[in-house]
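Undergrad: Take this structure first; my questions come after.
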Amino acid sequence: MGTIAVLGAGKIGEALLSGLISGGKPAEELLFTERHPERAAELTERYGIASVGVAEAAKRAEVLVVAVKPQDIEPLLAELAPLVDSGSLVVSLCAGLPTTLYERKLPDAVPVVRVMPNTPMLVGEAMSAVSPGRYATAEHVRAVEDMLRSVGKVVEVPEAQQDAVTALSGSGPAYFFYLVEAMIDAGILLGLPRAVAEQLIVQSAVGAAKMLAQGSEHPVLLREAVTSPAGTTINAIRELERHGVRAALLAAIEAARDRSVELGKAHEA
Ligand SMILES: NC(=O)C1=CN([C@@H]2O[C@H](COP(=O)(O)OP(=O)(O)OC[C@H]3O[C@@H](n4cnc5c(N)ncnc54)[C@H](OP(=O)(O)O)[C@@H]3O)[C@@H](O)[C@H]2O)C=CC1
Ligand SMILES: O=C(O)[C@@H]1CCC=N1
């Protein structure tokens with residue numbers, strides 16, 4: 001894949017640029033657009049990547065990655081429409097926005113691939129789900145998957161599943177950070193120094209994640225192995241069940257899915 005331009009270098013845009021650089025992509029083959037000059041200068045200084053306008057991005061890049069908030073999509077598509085054609089490749093990272101929105105607002109036959117990544121791209125551990133739009137060929141999908149594989153893992157899903165994916169893995173890192181934050185607070189409650197509580201919980205999270213990633217045992221078995229008869233863990237599990245933590249997670253992720261659907265509906269014709 002040649003030059004990639006990220007349109008909107010905020011949190012996820014920067015995570016992608018940073019991950020691609022760490023994955024070996026030369027800075028000369030990356031571009032970004034950004035509406036705040038100070039932010040643009042900061043990113044150029046940090047990664048050596050040039051900031052350009054949308055017109056130059058469309059002219060120089062083979063792949064245009066849209067990473068603006070869904071609320072900002074309409075003016076960007078209006079700007080892009082006269083600049084792209086069927087030889088371009090547009091990749092959307094935006095929660096909720098269907099490929100049909102792009103196909104409606106851009107000229108005929110512009111290929112669009114919808115992707116839901118997550119911020120662990122920054123450390124080469126993203127989980128990304130990819131869905132081709134109407135005009136995207138297998139070759140386009142392969143190119144996008146190759147790009148995403150350099151910053152983590154990739155699955156292809158039917159586009160109808162993207163709102164669920166967004167709620168699960170797009171937002172997923174936030175749930176783990178929230179859990180870690182709450183567990184560190186518990187350490188403070190029990191009288192541990194914050195730095196010690198942080199180290200204990202972060203390393204426990206890393207260890208648990210590595211065991212899960214190995215995939216040799218189901219999470220239920222891994223949890224059971226920690227839960228000794230008449231021991232400490234079962235007392236904690238009883239409290240988690242009593243406070244409805246499992247039901248809270250189901251409801252939380254369903255609410256995130258509903259918001260993704262709503263973001264897409266806001267741009268229906
Ligand atoms: N953050 C995450 O974990 C994930 C985010 N996403 C998706 O990625 C997209 C971006 O999210 P996130 O990075 O969190 O949001 P941010 O607000 O951090 O980033 C978006 C950036 O785009 C800028 N921008 C808006 N319009 C334009 C434009 N026309 N030209 C150039 N820059 C523009 C914004 O400027 P300004 O600051 O002025 O608004 C902002 O800097 C969203 O659609 C989101 O759904 C997907 C997966 C994960
Ligand atoms: O919160 C959001 O809307 C974005 C999409 C997935 C993660 N962050």
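Cβ atoms here come from the backbone N, Cα and C positions, even for glycine.
So TrEMBL says this about it:
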- 3-96: domain 'Pyrroline-5-carboxylate reductase catalytic N-terminal' (DOMAIN)
- A67, V68, K69, P70: NADP(+) binding site (BINDING)
- 159-263: domain 'Pyrroline-5-carboxylate reductase dimerisation' (DOMAIN)
Undergrad: Give the sequence-ordered set of same-chain residues, not counting A67, V68, K69, P70, with Cβ within 8 Å of the centre of the Cβ atoms defining the NADP(+) site.
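TA: Same chain, not in A67, V68, K69, P70, Cβ within 8 Å: G8, G10, V66, Q71, D72, I73, L93, C94.
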Undergrad: Can you give me the same-chain residues 6 or more apart in sequence from V68 (NADP(+) binding site) with a CB-CB distance under 8 Å?
TA: L7, G8, G10, L76, C94
Undergrad: Taking DSSP as the reference, which of helix, strand or coil describes P70 (NADP(+) binding site)?
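TA: SS state of P70 (NADP(+) binding site) = helix.
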Undergrad: Report the same-chain neighbours of K69 (NADP(+) binding site): residues 6+ apart in sequence with Cβ closer than 8 Å to its Cβ, ordered by sequence.
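TA: Within the chain, K69 (NADP(+) binding site) has Cβ neighbours under 8 Å at G8, G10, C94.
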Undergrad: Scan A67, V68, K69, P70 for binding-site residues whose C-beta lands under 6 Å from an atom of ligand 2 and note them, or write none.
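TA: Among the binding-site residues listed, not one has its Cβ under 6 Å from ligand 2.
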Undergrad: Please work out the helix, strand and coil residue numbers for the domain 'Pyrroline-5-carboxylate reductase catalytic N-terminal' (3-96) from the DSSP assignment.
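TA: So the counts come to 47 helix, 18 strand, 29 coil.
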Undergrad: Going by DSSP assignments with H, G and I as helix and E and B as strand, what are the residue counts for the domain 'Pyrroline-5-carboxylate reductase dimerisation' (159-263)?
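TA: Summed over the domain 'Pyrroline-5-carboxylate reductase dimerisation' (159-263), the classes give 88 helix, 0 strand, 17 coil.
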